[in-house]
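**Student:** One structure coming up, written as structure tokens, with questions to follow.
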Amino acid sequence: MSNVEKEPGPQPPSPAPDSAEPEKRKREYKDFGHEEEGPTRALVDMDTIELKAEDLYDKEKVDLETIVIDDVFKLLQCDENGLSEEEAARRLELFGPNKLEVDEQNPFLQFLSFMWNPLSWVMEAAALVAIVLSNGQGQPPDWPDFVGIVLLLFINSAIGFYEERNAGNAVKALMDSLAPKAKVKRAGNWSEIESATLVPGDMISFKIGDIVPADCRLTEAINVSIDQAALTGESLPQSKKNGDQCFSGSTCKQGEAEGVVISTGSNTFFGRAASLVGQDDDTTGHLQKILAQIGSFCLITIGIFVLAEIFTLYAGFRYSYRRGLDNILVLLIGGIPIAMPTVLSVTLAVGAQQLAKYKAIVTRITAIEELAGVTILCSDKTGTLTTNKLTIDRNTIQTYGPFSAEDVILLAAYASRTENQDAIDASVVQAIGDPSRARAGIKLLDFKPFNPVDKRTEITYREEATGKLKRVTKGMTGIIIELCSRNKTEEIENRLEKDVEEYAARGLRALAVAYEEVDGDDFEAEGNGFELIGLLAIYDPPRDDTKQTIDDALALGVKVKMVTGDQLAIAKETGRRLGLGDHMYPAKVLKDGPAPGSKHGSLDEMIMDADGFAGVFPEHKYEIVKRLQGLGHLCAMTGDGANDAPALSRANVGIAVEGATDAARGAADIVLTEPGLSTIVHAIRQSRVIFQRMRNYSIYACAVTIRIVVCFAILAFTYKFDFPPFMILIIALLNDGTIMTLSVDRVLPSMTPDSWDLAEIFSYAVAYGIYLTASTVALVCIIKETTFFQDTFGVRLDTDFPIASNDPQLHMVIYLQVAIISQALIFVTRSHSFFFMERPSTALMVAFCIAQLISSIIAAYGDWGFTKIRAISGGWIGIVWVWNIVWFIPLDWIKFAMKATVIKRLRQRHEAKVAQEAQTGVPMTRTQSRAASIHESLYSNRVSFIKRAARKVGFGQKISMKPEELQRFSSIQAQRVGATLARNPSRTAA
């Protein structure tokens with residue numbers, strides 16, 4: 001049994017039983033009309049419902065959105081004088097603020113989180129080895145290595161923390177600019193308060209240009225028109241009358257209104273949409289997964305050689321406890337790319353600052369990396385592809401009388417308001433070019449504005465040139481044609497009906513215009529009869545730069561799909577105008593699937609083939625994005641309204657366009673602050689530049705890991721070579737300082753979506769690492785086994801030949817050789833051709849030169865006893881430089897040889913796999929184990945462990961934003977709302 005019943009309404013008069021004339025066919029014109037439902041009554045006793053959230057928002061008991069307004073006041077226990085301040089304060093405590101709370105991360109814990117990943121753990125373990133396990137055999141703890149490791153960790157964390165806080169502050173500055181207010185009546189007096197303090201039962205008012213601050217029911221409406229495009233996706237504002245509902249976040253486009261607040265915060269229309277936004281709490285981003293795999297490669301490599309050293313050095317060579325530990329420390333410190341998370345974070349942070357120059361604010365920094373790989377861009381239509389501003393389509397104007405198309409537009413402008421305009425009046429006046437022409441040459445005598453009953457406007461004026469009285473009306477087609485007594489013939493009506501249907505098929509709204517003359521001087525007298533003179537087509541035009549943006553996106557290998565809440569015909573017409581295509585489907589196919597016998601075998605095939613979908617709701621947009629991701633695509637979504645928020649959150653990259661609601665901004669990863677979509681193309685290109693920098697660094701980091709681990713393990717196995725761990729720390733510190741400049745390196749973006757081919761990265765790394773290992777091992781062999789350098793260049797070491805494996809000066813020679821050529825490798829990994837063909841950034845060159853100068857100075861003057869090294873002569877420094885230059889030149893040839901062999905085969909295998917996926921329609925991905933998922937999450941800076949620890953030690957208290965910051969839906973907020981709604985099913989939307 002239903003809980004509501006319809007109020008009896010007026011019944012239409014019955015037709016006469018005997019009619020002499022046949023009944024004329026009722027014509028229906030598809031234009032501005034919309035069906036209206038009458039109010040309902042609650043079938044529950046108002047006295048049994050307590051004023052609390054569990055009852056107030058339980059639609060099983062009562063629906064505040066549809067019950068008669070008198071019952072609303074009874075249920076909310078309020079009246080038109082508003083609540084008292086005491087009662088408002090009590091309800092604020094009961095229902096909570098009209099916003100969603102924000103958790104701010106503790107800065108100290110944010111800093112520590114940069115040390116919470118497996119790569120850092122290995123370095124931290126090395127520090128413990130140096131300070132705890134190194135005690136023994138009469139020697140103190142290894143303080144120099146411990147201090148060096150801790151310093152390296154803190155430097156990397158400090159850089160990452162600084163850059164990320166900068167990026168966060170930019171977003172905070174954007175949100176600080178939002179300070180909504182609400183006009184409320186409390187105890188009979190009107191005042192302005194923060195929107196966040198509104199409660200159910202408050203009386204509010206708003207006028208043209210205001211944002212509706214909370215869901216409300218209107219108690220007084222004077223010619224009110226509300227723009228709900230951000231909620232429903234429809235371009236046309238909706239007329240509202242007493243008793244109608246207005247949604248929080250919609251905009252008043254015309255008139256003034258008063259209403260009673262029925263829901264606030266998470267229980268508004270926005271709040272119910274938010275339950276979808278945080279539905280999938282996937283804290284592991286795409287970049288974290290890549291980091292995990294690269295980190296695993298390095299850790300496994302190090303682990304293999306550490307085990308080999310333990311067995312060889314202790315079991316085979318019978319090393320003492322302390323001597324073996326030093327060798328293991330060399331592998332741990334030198335092999336771990338400790339700077340990798342920081343370098344990638346800094347690269348992304350610098351990229352975010354560069355995107356800000358294009359008026360794009362990045363709210364989730366790893367989204368930049370994902371944007372580089374986006375293959376499909378799903379875009380909302382209203383306000384995103386289009387201007388969300390109604391316009392007259394001059395090319396489709398129809399005329400029915402002696403007036404030209406320009407005359408029809410001018411007369412329609414006469415019948416429009418020039419001030420306090422609604423969207424239709426504004427579009428008509430704008431169509432004449434100069435708004436002053438709407439009143440030029442005429443004297444206004446009477447004007448009747450649009451109202452929901454008459455559904456038309458009318459002007460009576462005196463033409464100054466002739467002195468004649470004239471009258472023009474414009475409005476809904478069916479209403480206007482009934483007024484046209486002078487030329488309403490069967491032929492005209494048939495033609496009008498055909499034109500309106502043609503407009504509707506193309507997604508254009510029809511606006512009829514009629515004209516009559518008035519005899520005499522009485523402007524209230526009846527005229528000589530209206531004559532239909534024209535039909536105007538109204539549509540929401542595409543933005544000027546949208547077509548070029550779509551063309552540019554397609555050129556970059558990104559397919560664009562339109563996903564809109566508007567009608568199918570309107571979507572198709574917009575698609576045709578943009579060159580996007582009109583192969584679009586209504587939203588119901590997402591539930592019903594492809595029709596039997598259609599060319600699509602499955603819904604996934606249909607989604608991939610479609611140019612877009614129309615009539616969609618938030619859950620439809622969410623489902624489309626989710627399915628595209630299931631097919632293996634990285635998906636971006638643009639939007640501007642609350643109806644886009646769930647899909648923006650689900651997409652790999654959510655993009656909120658300029659003028660977006662708080663809901664869309666909070667759910668998005670990138671917020672555009674400039675009109676148009678051209679910024680997206682800039683962002684895609686910039687993200688691909690950033691991706692290339694990260695790829696170049698990843699190859700370098702893995703190659704250096706191979707180079708250090710394999711090199712020093714071989715030297716230990718061959719010559720019992722005990723390299724001092726502290727000098728490896730010096731190499732790591734100089735490397736990190738240089739590599740940080742990769743974040744601003746000069747690289748070219750690719751013309752196709754980027755993707756992480758880790759097999760390719762690891763193949764390059766192994767080739768480079770083995771080659772550089774050979775360069776060091778060969779140098780040691782020549783120095784130890786021959787006197788070539790002494791005989792040829794006249795240089796000497798302090799000890800005579802044969803040179804001992806652990807001679808302090810030999811250590812210095814190897815230190816300098818490893819430091820120079822390891823850093824020089826970056827010039828090879830960053831280029832696709834010869835290294836000298838692609839000019840690096842000035843910052844990279846300067847940093848490299850400074851690092852090599854420091855390395856050479858250490859080699860010339862370093863004489864630190866605790867490190868087991870001793871300075872070498874200028875002759876040996878020159879030999880090392882020449883040696884490295886000779887070995888560096890063939891590195892490019894190794895790169896080309898790898899491309900022609902191993903990399904070529906890897907790409908052929910990948911292309912074959914993609915082709916097979918295209919045939920089967922199913923991406924060939926293995927189901928991920930829970931262990932792998934946990935491992936990947938460890939590379940996210942926002943780890944749950946840190947948060948739990950924060951609560952344990954008292955850092956976990958909620959930190960609220962300022963009251964005026966009505967930032968409704970940040971990602972954290974959305975997750976919390978989703979969790980709240982899940983715990984309280986009665987609060988979810990029916």
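Including glycine, each Cβ sits where the backbone N, Cα and C put it.
Automated prediction, rather than curation, is the source of TrEMBL annotations.
Pulled the feature table from TrEMBL, pasting it below:
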type     : residues : note
REGION   : 1-39     : region 'Disordered'
COMPBIAS : 21-39    : compositional bias 'Basic and acidic residues'
DOMAIN   : 63-135   : domain 'Cation-transporting P-type ATPase N-terminal'
TRANSMEM : 114-134  : transmembrane segment
TRANSMEM : 146-162  : transmembrane segment
TRANSMEM : 294-316  : transmembrane segment
TRANSMEM : 328-350  : transmembrane segment
TRANSMEM : 697-719  : transmembrane segment
TRANSMEM : 765-789  : transmembrane segment
TRANSMEM : 809-829  : transmembrane segment
TRANSMEM : 841-862  : transmembrane segment
TRANSMEM : 874-894  : transmembrane segment
**Student:** For the domain 'Cation-transporting P-type ATPase N-terminal' (63-135), provide the mean pLDDT of the predicted model.
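**Tutor:** Here the predicted model's pLDDT, averaged over the domain 'Cation-transporting P-type ATPase N-terminal' (63-135), is 78.
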**Student:** With the transmembrane segment (765-789) as the reference, which stretch in 114-134, 294-316, 328-350, 809-829, 841-862 has the largest tally of C-beta pairs below 8 Å?
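**Tutor:** That would be 809-829.
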**Student:** Let me spell it out: take the transmembrane segment (294-316), skip the flanking residues so only those 6+ beyond its ends count, and list any with a Cβ under 8 Å from a Cβ in it.
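**Tutor:** Hits for the transmembrane segment (294-316): 117-119, 122, 323-324, 327-328, 331-332, 335-337, 340, 698, 701-702, 705-706, 709-710, 713, 716-717, 758, 761-762, 765, 935, 939.
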**Student:** Quickly jot the same-chain residues contacting the transmembrane segment (146-162) by Cβ under 8 Å, restricted to those at least six beyond its ends, or write none.
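**Tutor:** For the transmembrane segment (146-162), the sequence-distant neighbours (Cβ-Cβ under 8 Å, at least 6 residues beyond its ends) are 107, 110-112, 114-115, 120, 123-124, 126-127, 130-131, 333, 338-339, 341-342, 345-346, 726, 729-730, 732-733, 736, 740, 941.
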**Student:** With pairs 6 or more apart in sequence, are the transmembrane segment (874-894) and the transmembrane segment (114-134) linked by at least 3 Cβ pairs under 8 Å?
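**Tutor:** Contact criterion not met.
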**Student:** Residue list, the transmembrane segment (328-350) vs rest of chain: Cβ under 8 Å, 6 or more residues beyond ends.
**Tutor:** 114, 117, 119-120, 122-123, 125-126, 129-130, 142, 145, 149, 152-153, 156-157, 159-160, 163-164, 166-167, 287, 291, 294-295, 298-299, 301-302, 305-306, 309-310, 365-366, 368-369, 690, 693-694, 697-698, 701-702, 704-705, 708-709, 712-713, 723-725, 728-729, 731-732, 735-736, 739-740, 742-744, 939, 941
**Student:** What are the DSSP helix/strand/coil residue counts across the domain 'Cation-transporting P-type ATPase N-terminal' (63-135)?
**Tutor:** 42 helix, 2 strand, 29 coil
